[in-house]
Amino acid sequence: MVGQMYCYPGSHLARALTRALALALVLALLVGPFLSGLAGAIPAPGGRWARDGQVPPASRSRSVLLDVSAGQLLMVDGRHPDAVAWANLTNAIRETGWAFLELGTSGQYNDSLQAYAAGVVEAAVSEELIYMHWMNTVVNYCGPFEYEVGYCERLKSFLEANLEWMQEEMESNPDSPYWHQVRLTLLQLKGLEDSYEGRVSFPAGKFTIKPLGFLLLQLSGDLEDLELALNKTKIKPSLGSGSCSALIKLLPGQSDLLVAHNTWNNYQHMLRVIKKYWLQFREGPWGDYPLVPGNKLVFSSYPGTIFSCDDFYILGSGLVTLETTIGNKNPALWKYVRPRGCVLEWVRNIVANRLASDGATWADIFKRFNSGTYNNQWMIVDYKAFIPGGPSPGSRVLTILEQIPGMVVVADKTSELYQKTYWASYNIPSFETVFNASGLQALVAQYGDWFSYDGSPRAQIFRRNQSLVQDMDSMVRLMRYNDFLHDPLSLCKACNPQPNGENAISARSDLNPANGSYPFQALRQRSHGGIDVKVTSMSLARILSLLAASGPTWDQVPPFQWSTSPFSGLLHMGQPDLWKFAPVKVSWD
């Protein structure tokens, strides 16, 4: 990856990190006796493989080697030809809003060693970003700053039981490709955490994952539903809060098929990394298995997170997979969220991306062991089935999957895509059975069309504006669209004032007045909105390339700036003050 160079602001950042760490450690000592084993402060970078006292470079490359005689993994700078795993990080966040991570493993070593080493080397090149992302987003979750003891103990017990059940399944099904991939996923996470903590030791046989360690960085989506299922009473999710917009668009004459996604999130999550993994994993645990179809992948992500979480993936199998969150508003369904018999969503999406070569297979793999957490509408685009300039193949180009607790519905939507020329996704289920079961009918009855599939603001804006998409640039413009002060479709009739920054393809809830009146929480002023856009095409996906812009939209509204915003007091380590970045083309050597 060739990117602009970026140097960390050494002394200022160091002071901020020192203050935050000191406070975290003091509070950890105060609350530790009351709530053992829960999350909180993690050590600042400076483990045995870190360069103590040095400002981290804008670009860093490292390799993990196997010392056969000593039976140990060793870290060296640069890319070594005999590496078990290697990684290169280019930090261009100050220039583009993105860091770029490229990571690969060697098929000369077994899958388990590759997976663990992949986690080890990722932490080694990105430890400063991991620390800052943790402090920005996770340090307050279940201590030491603030916590809800009953909920946190229930969450810890749930995760421990779930990890134990998965360990039992891995041991009971040693020949299973599915459980082989689950094990590799957890080993990669184990390597990431061990490396960051400076205690690398490849686990032979059974191994453990801390329930509230770096697992929390993977769980941000699953936690949205675990909080409700486990009766968290403080700081519940905002009713109606959007989480991503997506558009799949056939260009005129079926000349191309564009796939676009923007992530909606809290602005403290804007330390962003676009990652490329090239993992030489086999489908099953034995050497005669072929490589997984999705062994090459590019995805938008975050420091310390080994999957997308947005989610947006371009896969070497010819698939592009993405989702928007639909959630669950029916409390009666939380009974299906159980620690045993389920695999949490972040793991299932990794496994499906690796093993599937078409949409139907992806759906079959993903829906196994439905956890009922991180409930999403998934779109699986298969570019292998798309014929540029040709008629509809009838099937396989677009598969739609929707998950809620106790239910997964799948359908091929290729014919509908070709009939309408687009598929839009905006956090509302498209399947009537899912819509009704998830409790949205009651919200429509209470609040009107804002919660309906056809009448919500984004449904109407997509329907009106999708025909304006003629190429990559116009797709980016639509996905960054927010003209809430002038667009009648952005009005909230029950709000005062009526124009609302949430009612757009890329939300800017920070622009809503703090003293306004709003019928539900999502329409209020919040440090939340669309924080990126990613777009690919048939030709770009073939080479794992995309266009990407980072940060809240600033096309029709002022750019977001921390120092002048109502949220300047929120921790945002490592982030630029002013978010005003143009799209960049992401390509790889």
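From the backbone N, Cα and C atoms, a Cβ is placed for every residue, glycine too.
According to Swiss-Prot, the features are:
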- Cys142-Cys152: disulfide bond (DISULFID)
- Cys492-Cys495: disulfide bond (DISULFID)
- Asn88: N-linked glycosylation site (CARBOHYD)
- Asn110: N-linked glycosylation site (CARBOHYD)
- Asn231: N-linked glycosylation site (CARBOHYD)
- Asn436: N-linked glycosylation site (CARBOHYD)
- Asn465: N-linked glycosylation site (CARBOHYD)
- Asn515: N-linked glycosylation site (CARBOHYD)
- 1-41: signal peptide (SIGNAL)
Among Cys142, Cys152, Cys495, the most crowded of the disulfide-bonded residues [Cβ within 10 Å]: Cys142
Same chain, 6+ residues apart, C-beta under 8 Å of the C-beta of Asn231 (N-linked glycosylation site), given in sequence order: Tyr151, Arg154
Least Cβ-crowded entry, counting other Cβ within 10 Å, from the glycosylation sites listed as Asn88, Asn436, Asn465, Asn515: Asn515
Cβ packing number for Asn110 (N-linked glycosylation site), 10 Å threshold: 14
Distance [Cα-Cα, Å, rounded] between Asn436 (N-linked glycosylation site) and Cys492 (disulfide bond): 24
Separation of alpha carbons, Asn515 (N-linked glycosylation site) and Cys152 (disulfide bond) (Å): 33
For Cys142 (disulfide bond), the one of Asn88, Asn110, Cys492 that lies nearest, given that the recorded positions are compared by Cα: Asn88
